[in-house]
Amino acid sequence: MATHQEKKLAQERKHKTTQNGAQTSQGQWGRAWEVDWFSLASILFLLLFAPLIVYYFIMSCDQYQCSLTDPLIDLLTGKRHLSDIWNKTPTLTCRAAAIYSLWVTFQVVLYMFIPDFCHKFLPGYVGGVQEGAVTPAGVVNKYQINGLQAWIITHVLWFANAYYFHFFSPTIIFDNWIPLLWCANILGYAVSTFAMIKGYLFPTNAKDCKFTGNFFYDYMMGIEFNPRIGKWFDFKLFFNGRPGIVAWTLINLSYAAKQQELYGQVTNSMILVNVLQGIYVLDFFWNEAWYLKTIDICHDHFGWYLGWGDCVWLPYLYTLQGLYLVYHPVQLCTANAIGILALGLLGYYIFRVTNHQKDLFRRTNGNCRIWGKKPDYIECSYMSVDGAKYYSKLMTSGFWGWARHFNYTGDLMGSLAYCLACGFEHLLPYFYIIYMTILLTHRCIRDEHRCFSKYGKDWKRYTAAVPYRLLPGIF
């Protein structure tokens, strides 16, 4: 296995060329070749503590009414021991295992075996078989886009059960939330481990694999760029979109049902969280074909970061606002509710229009109008691992002339709205905006490092034309 790795590294490094005046490996823009000490330390920290962070948040709600400080105070003062907290934590149950297995299997069936029909009757929706971006090795993968269809079918069945069949309670997710956490962790680690083994023994495309020689980095960040089973089961597309994001709105609906069960009403804050996050989820699936051109698909390899993250981190920490509101129902005054709704909708508008401008620019190769005029852009070129030269254009008009990642600015505005709906009594629901700020800022830096490796001097020209990353005039 070590010999195989050395040969692969040697073959890939032969493709290093000088492009646009910068010495760069043509595969560098997919993922790092080498691991520095800071990256390794960060990775070890996440591998060790990310699962504990998720557990701590969920346990805090289950045992401490969503207080993040009380568990620590109890432990430091000796009032409770770790064993006391652990012994009160619900364990994995056969019921939870059956629910989770059925859920994932159902999503696989919807993904693999029901071709998309939504694009045939929904004007403007792009579904069916679509092409992704060019990979570092010069490959263009095809994808079966049917996420919106899967979301619709899943939610129609959910509401049919809630109001007609009554096979299970709408609170089923909340009622089994911690046992389901163990199931999600098992799947997350299983798929991440399988992806690493697959990358060594039977990769889908060997030229799009990367080995740093560091086990922990390769395990976390992934080896294969687009691991697949058969023609259509793409690990990145499936786990990024299903089952976690389809479940997002169901999880929030389960929280709302639990609030109704406990207090006899659903508060306007819970409705706001369901509506604003529901818009975000629907936007994701409506624009799933566009998503093929984003950083997750275009740059990230598939490892623990995506595999475990999509199975555990996303569904459990992105839904903290709804979970918090089950334990602490908040009824907002009309003015505050309208203000939060306006902030969320404005953030969504900026997020969507910014992304739409980029998508329109790409689809028309710049032959379009942005804000009523022909867009400005920087012409640039790059090379794939096989030495083929490609040309691209980076737009400097519209919102993309305001900041290089202004779509993230809109995303952060929406994230803040979710949190504000929960009031100011506890810190826990604000974890989301704190995390998203760190994530998107880091993603800006990561993306720009890759873009510089990819475009060289052309990228410097672009950053000179658009000097700010997120906030015009500030950052």
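Every residue, even glycine, has its Cβ placed from backbone N, Cα and C.
Annotated region 'Disordered' per TrEMBL: 1-25, in sequence order. Marked as compositional bias 'Basic and acidic residues' by TrEMBL: 1-12. Summarising the annotation, TrEMBL assigns transmembrane segment to 37-58, 97-114, 148-165, 177-197, 237-255, 262-282, 302-320, 332-351, 415-440.
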The transmembrane segment (177-197) in contact with the transmembrane segment (415-440), cutoff 8 A, at least 3 CB pairs, sep 6+: no
For the transmembrane segment (415-440): best-contacting stretch of 37-58, 302-320, 332-351, by Cβ pairs under 8 Å: 332-351
Close approaches to the transmembrane segment (148-165) from elsewhere in its chain (Cβ under 8 angstroms; 6 or more beyond its ends): 106-107, 110-111, 114, 116-118, 122, 125, 127, 242, 246, 249-250, 253, 257, 281-282, 285-286, 288
The transmembrane segment (237-255) vs the transmembrane segment (332-351): 3 or more CB pairs under 8 Å: no
Outside the transmembrane segment (332-351), six or more residues from its ends: residues with CB under 8 Å to it: 267-269, 272, 275-276, 279-280, 283, 399, 406-407, 409-418, 420-421, 423
Surrounding residues of the transmembrane segment (262-282) on its own chain - C-beta under 8 Å, 6+ positions past either end: 148, 151, 245, 248-249, 252-253, 255-256, 318-319, 321-322, 325-326, 329-332, 337, 340-341, 344-345, 348, 414, 417-418, 421-423
